[in-house]
Every structure is written in C-alpha cells, then in structure tokens.
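Working notes, structure below.
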Amino acid sequence: MAAPAPKQEELQPHAVRDQLPAVSYCLTSPPPWPEAILLGFQHYLVMLGTTVIIPTALVPQMGGGNEEKARVIQTLLFVAGINTLIQTFLGTRLPAVIGGSYTFVAPTISIILAGRYSGIADPHEKFLRIMRGTQGALIVASTLQIILGFSGLWRIVVRLLSPLSAAPLVALVGFGLYELGFPSVAKCIEIGLPQILLLVALSQHIPHLLPLVGTAFERFAVIMSIVVVWLYAFFLTVGGAYKNAAPKTQFHCRTDRSGLVGGAPWISVPYPFQWGAPTFDAGEAFAMMAASFVALVESTGAFIAVSRYASATPCPPSIMSRGIGWQGVGILLGGLFGTANGSSVSVENAGLLGLTRVGSRRVVQISAGFMIFFSVLGKFGAVFASIPGPIIAAIYCLLFAYVGMAGVGFLQFCNLNSFRTKFILGFSLFMGLSVPQYFNEYTSVAGFGPVHTHARWFNDMINVVFSSKAFVGGAVAYFLDNTLHRRDGTVRKDRGHHFWDRFRSFKTDPRSEEFYSLPFNLNKFFPSF
C-alpha cells in the first residue's frame, strides 16, 4: 500500500519573525524587582571577565603591580557602568552592556613597546607615562565614532545592510571569539570543564526535567554554576591540590593568585586625569583610531544581536548611528579616566540575553548600578573579580555561541537556494576566519604583523583591522551584497532586503516609538529619522 499523503501543514516552512518569539521579558517589559536585581547582578558577574582579563594582561607590561592593576580594573568597571547607563537611556536604548574591548589591546601594546618609554627605570613612573599615552590616543580615537555617529554618516552605511550581509557580521561577532573559549578553559581543565557541563545541565536539561522550577534554573544558571565551581576550586586550593604545580597552573587554577583583593582600596572613586595629564602622539592616535573603527563595526553587529534577543524590531539606522555616537563618548570617558582600554558592546552580555530569555532594559540598567557600586567599594568588587579565568571562559563557550547564532538566524529572511546567496555567505565567512588567522599566526611567529614598514603607526592600523574576524567577514559580505547584481529584482528578495524595508526609517514602523524613543520627551529636541 502507498504511504499516506503528508498533511498540508507539515509541508509549510517555519514562519519568518521580525521579533524573536519565546522571550520571557522583552525590551520594555521588566521582570519583578527581586528577579530583576538578581538578573542584573548576573550581568555584572559576566562582564567582569573582560574587565579583569584586559588589565591583567596589560598593566604588568606597563610596569604596574597589583595595586595599579586593581585601580585600573576599578576604573574600567566604573566607566563601563556610566557608559551602560548612557547607552540604555540616550543611545540605542537597547539592553547592551558597554564594557572593555579586546580590539584596543593591540594598539595599547604598541604604545607600551614604544621606544620613548624603554629608558624609564622606575616601574611606577613608566606605568604612569604609558597610561597617559594611552589616554591621549583614546581621546583622539573617540572623535571618529562621535563624528560618524552624531553626524548621521553611519546611518547611511547601516541603511545598506541587508539580512544577508548582516548574517556573517553578527555571526562572526560571536563565533569569531572562539579563541577566548575552550583554549582558556583548558588552562585549568579540572575547573573549566565542570563549569561547562554544569552550566549546560542547569540551563538546558533541568528546565525540561523539572518544569515547575526549571525557569529559575534557566534564568540563574550562570550564578548557580559559578558559585558551585568557584567553591570547588576554593577547596582544591586550600586542600593543596596545586601546592607543587607549575606557576602558570597555579595562576589559572588557584583562587588566591589574582592579587586583586590585596591591591584594591576599601573605598575609592575614580576621577578624570587621576594618572596625570594625557600625552598625545600622532602615530599612536592613528593606530587607536583604526581600533575604534573596528570596534564600531563589531558593536554594530552586537547591537543587531541585542535587538534580536530583546525581542525588539530591527534597530533603525538613525538609532544605530545615535548609539555609535554615544559609544564614542564612552571611549572619550575611558581616555579621560584612564582605563587603558576603549569601549564596545559586551558580546558575552549580549549572549546572556539569549541564555536567560530576558531582554529587559531595566535589568541591564541595574547591572550598571552594580558596576558603579562595586567599583567604588574596591575590596568587595575585587572578591568577585578574582573568579578564576577558566570559569569565565567556560561561560563564554555558551554566551558567544548564542550571539553567533543570532547572526545565523537572519538567514531565515534570505533565499538559501540562490547561488549568489551561497557565494556571498560562504566566501565572507571563510575569509572572515582565514584572513585574521593568517595575521595572528604571522604575528605569533615573527613577533610583528605581516605589514611591517618603518611607519609603526601604519603597521598597527592595517594589522588591527585585518585581525578582526567580524570586521573582515562583515566587510566582504557588505561589499559583495551591494555590488553583485544589486539592481536585479529577484536579488532584492534573495538577500532579504524587502523584509527590512519598513525598518529603514524610525517613522515607518509604529513599534519604533515603543522600543527606541528617548525618555523624558527628549525626542522633541533630538528627533530620529
């Protein structure tokens, strides 16, 4: 007998969604206050990873000790809290945490290695001089995002984004950070691997096995898993498990090797020019501006992912441009306060929105309050900042994956049976991974990048740009998508451009007012287009 004909509904593809369904709390619907406070603290714990890792890597090279490292972390945390509040109130208004960025590490290291600092014998004086140099470079670099954002020039660029060109950009913002995931977990596998397994079990398995209480495990899996594995690492430390281990193993595994608690002051409020007056060098400023441009592109992809996980409509170009302008102000604040690092959208916190299914703006604003509070109370903040790195890296494995999948999700708007789509998508993803890999491998072997001229600032500019996976992949996709057969009517549908037509302007979709309008009736003075 012939098999029965399939039901008609089984043949229908999944519906295309402008807003992500199954989100518990969207951008404008905050959870109850007790739950919101705990979720905000969880965001604070997640953003601590980058906030601690970057100064821990840079400050010793600058000549600073544990005290300087603790103060820089404190300052970076304080500025991140201010920038997050600015972004959620006046910028894109998305629940995006604005924190330290790995993109600015390379030009900062170039400043550290500058010849004019090599003759300084006193480590503390060397630290202060280098810090002032990074401050000057960041102040100049901030003008790039401020001008592109507030002038509306970036709005023109974003209007040409289609779902096809956005997919590789957003995907590589998340997947491109794979080097910060399991390779860092493996530095202390006995605490990193249990963290991954426990986090997956709490967030994915238990909610289905215990539906009555599963929601709590799903939303607070990060806090629960950190507490359990951190205690486990503490018992290993006091039990003498690493007594005879190599120094590197002790640094990554022990819970008492960060030096942050001892170096942090009890109460201290960061203030502008606390390290002295900034110094300026044209070459260093150009290199930092290149990093600022890369961070701008990466943050654009991260903003798109955040809007998706907040169950908001796609961010209108004018709103995106406004957010980039305020992010430039955030980099300016980093230069004024002396963070030794620029700002961008925190990718891990964007992923946390997907893991918890809570995209509330209020939750992220509460997390900004925690950042400012614990940066002022240095000792208490240092306790949380001393969480071993492999635990944080294990969390990254899930959170970066969520951001990457936000990019893949935009392919629902595209025609994946089109050979044009296949070429642009495949080529941009491949080049986005392959080109930075070449630059990074070359640098690790030779000690300098493939571009190695007598102009150090020029070398830094090119090497920083082509070391970013999201920038390379996004730029390739953007160029090809806007040049290959663009006038063809079928191509417009293949690239999904028609799905985003009503989001090209603030006023063409009625939901824009709900998600992106400024508070306190400020839209009258700062209208969106």
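Keep in mind that glycine also has a Cβ here, set from the backbone N, Cα and C atoms.
In TrEMBL, annotation is done automatically, which means it is predicted and not curated.
Quick look at what TrEMBL annotates:
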{"type": "TRANSMEM", "residues": "41-60", "note": "transmembrane segment"}
{"type": "TRANSMEM", "residues": "72-90", "note": "transmembrane segment"}
{"type": "TRANSMEM", "residues": "96-115", "note": "transmembrane segment"}
{"type": "TRANSMEM", "residues": "136-154", "note": "transmembrane segment"}
{"type": "TRANSMEM", "residues": "220-242", "note": "transmembrane segment"}
{"type": "TRANSMEM", "residues": "363-385", "note": "transmembrane segment"}
{"type": "TRANSMEM", "residues": "391-411", "note": "transmembrane segment"}
{"type": "TRANSMEM", "residues": "423-440", "note": "transmembrane segment"}
{"type": "TRANSMEM", "residues": "460-480", "note": "transmembrane segment"}
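Within the same chain, the transmembrane segment (460-480) packs against the transmembrane segment (96-115): three or more Cβ pairs sit under 8 Å, each pair at least 6 residues apart. Simply put, out of 41-60, 72-90, 96-115, 41-60 has the most Cβ pairs sitting under 8 Å from the transmembrane segment (220-242). Between the transmembrane segment (96-115) and the transmembrane segment (41-60) there are at least 3 Cβ pairs closer than 8 Å, counting only pairs 6 or more residues apart in sequence, which means the two stretches are in contact. Comparing 41-60, 72-90, 391-411 for CB pairs under 8 angstroms to the transmembrane segment (363-385), the maximum falls on 72-90. Within its own chain, the transmembrane segment (41-60) is flanked in space by residues 68-69, 72-73, 76-77, 80, 97, 99-102, 105, 108-109, 112, 127, 220, 222-223, 226, 258, 260, 340-341, 346, 348-349, 352, 356, 363-364, 366-367, 370-371, 374, 384-385, 387, 389, 392-393, 395-396, 399, which lie at least six positions past its ends and keep a Cβ under 8 Å from the stretch.
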